[in-house]
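Q: Below are the features listed in TrEMBL for this protein:
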- 480-495: compositional bias 'Basic and acidic residues' (COMPBIAS)
- 21-175: domain 'TMEM87A/B GOLD' (DOMAIN)
- 207-452: domain 'GOST seven transmembrane' (DOMAIN)
- 480-545: region 'Disordered' (REGION)
- 1-19: signal peptide (SIGNAL)
- 209-230: transmembrane segment (TRANSMEM)
- 242-262: transmembrane segment (TRANSMEM)
- 316-333: transmembrane segment (TRANSMEM)
- 345-369: transmembrane segment (TRANSMEM)
- 390-409: transmembrane segment (TRANSMEM)
- 429-446: transmembrane segment (TRANSMEM)
Amino acid sequence: MDGYLSALVFLCLVCAVIALPESSIWTHHVTKANVTLKMEKSMVAQSEILVEIYCKKSTSVGVLWMLIYSPCIEEFVDVDAVDAMLKLLASRELKRPESTKDRISLIASDRATYKSAWETFYCSPNAPAFLKSSSRIRGLGLNESMPTRSLTSNFGVPGVLSTTWDSGAYLFAVQPQALSYSDDLDLTVHVEMRNPDGSYLSAVEFPLLPFNGVMSVLYLVFVIFWLVLIIRYWHEVMRIQFCIGFVLFLGLWEHLTLFAIYETIRKSGNVAPSAVYFGELIACVKRTLARLLVLIACLGYGVTKSRLTAIWFRRCLAIGLIYFVLVMVEGMTRVAQPRFAKSHFLLATLLPLVTLDVGIMWWIFVYLARTLRETRVRCNIVKHRLYRNFSYVLVAVSITSLAFMIWSIGAFKRTPCIENWPYLWIDDSFWQTLFLVILGMTLILWRPTGYNRDYAYSLLDAQSSHDDLDDEEDVLMDRTDPEDIERSLRARPPAENEESTNDKPTLGREKLVHSMKPISPTIIERMGIEASSGPGQENPVWKLD
């Protein structure tokens, strides 16, 4: 249970939502016969498909085209199955001897349909050639015997070959051929797939455009809020608060980049791979710094420790470098492929990243528990409340993450046909939203205030911190036990006690900093200390208090 909780604590920081966006405009130069051009996109109903053919020389050309629809959004990922299906459909359209009926049952849904036509025309270099539309829709797959139906196309617009008849995944295939064996093919096929409103963003990715716009606005509000607090309490700012501000800036930069990418695709239909790689690079830097930030915060940096010891500084630097390399390899591999592409190499890059992620989460869990115990035995109410509230946030995030993963697996992972694809954007955006929620709670807990000195490391907390040189063991020394302090006060002469009483801080300050009342340990502290005590230890550290 302990390891499982630690693995869930910051699973929401994975945030691997960037994939290669779907293209909407293709231009292919064809010089060989029997070459099948395949273009895939998710589209809503009544979207338009425009096809223009440009010939370099006058020649007679025959073109076979097929438009296949499936409600399963990931239907056309299997390249071999798609090639076999197109080959069989081409044989059917060209009146060749058909194969057995079972071979066409390569498609997952029995509601898949298609349109196809064979057309011959004389192609001239003076003007582009347009294909004629077909209004006949036929069944495919398990339901080949379904009755055909008609669809009216937009014949008023030059180049519009067909309009889509339902929302889902579409595969458009074109196979140009020279009618004369003496003629060589030298033509260019230009294809556009656009929405009914004239935009080009795919149906799956369309909700991500307003989502990234909203996230950009929220990050901008957080950045302005953080800058105002830092400027106002400049002399009270802790170093960890500058790190939080930098993570905020990276989040704003990431979502602005994604918004610009999707807006460019919506208007022009072109995908800029360099912009996608740049957005993934920012996301990798943000993910790395976010983990290091949470780790050093749970170590007590700036709160219970004035600085990171040399050994932990080297550890954090090594962890950050290794994690950044692994997340870069995984991220660049992911964005280089379509959204639903399956790759063994991608899985191989993901396994070491997940392993390191689990290790970081375990350290976060263990050292958060130790910092909770350290602030508790020192009776520092303010700092203990800070880390206690932060632990509550992590527990809430873990429960929310687990519930969402169960829903996501049931909705998208355990079915061979994803028909509820309009909700895929929730699966993408949930982790980004949860990351923002964690960051927002961190802003509230670690916000710059006039009482930052009460949260920051001070000499009052240094009584048991001189043994940090042996940080390899990181054993907490209870040198400020309340009972020891009380016994030492009783042993002093009355005059000395009165003098020490007069030197005490004001009542409000005392309530903010220390309390002689014992603080009960939280469940996170108990679980973390017991889990990190090691096997064979009958008495975990927390039971000795």
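Note: Cβ is positioned from N, Cα and C throughout, glycine not excepted.
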Q: Using Cβ atoms and a strict cutoff of less than 8 Å, what residues sit near the transmembrane segment (242-262) while being 6 or more residues removed from its termini?
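A: Distal contacts: 18, 21, 201, 205, 208-209, 212-213, 215-216, 219-220, 222-223, 226-227, 230, 271-272, 275-276, 278-279, 282-283, 285-286, 289-290, 293, 296, 432, 435-436, 439, 442-443, 446.
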Q: Within the same chain, where does the transmembrane segment (316-333) have neighbours whose Cβ lies under 8 angstroms from its own Cβ atoms, ignoring anything closer than 6 residues to its ends? I mean 6 or more beyond.
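A: Answer is 16, 18, 277, 280-281, 283-285, 287-289, 291-292, 295-296, 308, 343, 345-346, 349-350, 352-353, 356-357, 360.
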Q: Short question: most Cβ pairs under 8 Å with the transmembrane segment (390-409), which of 209-230, 345-369, 429-446?
A: 429-446
Q: Can you give the mean pLDDT for the domain 'TMEM87A/B GOLD' (21-175), rounded to a whole number?
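A: Looking only at the domain 'TMEM87A/B GOLD' (21-175), pLDDT averages out to 74.
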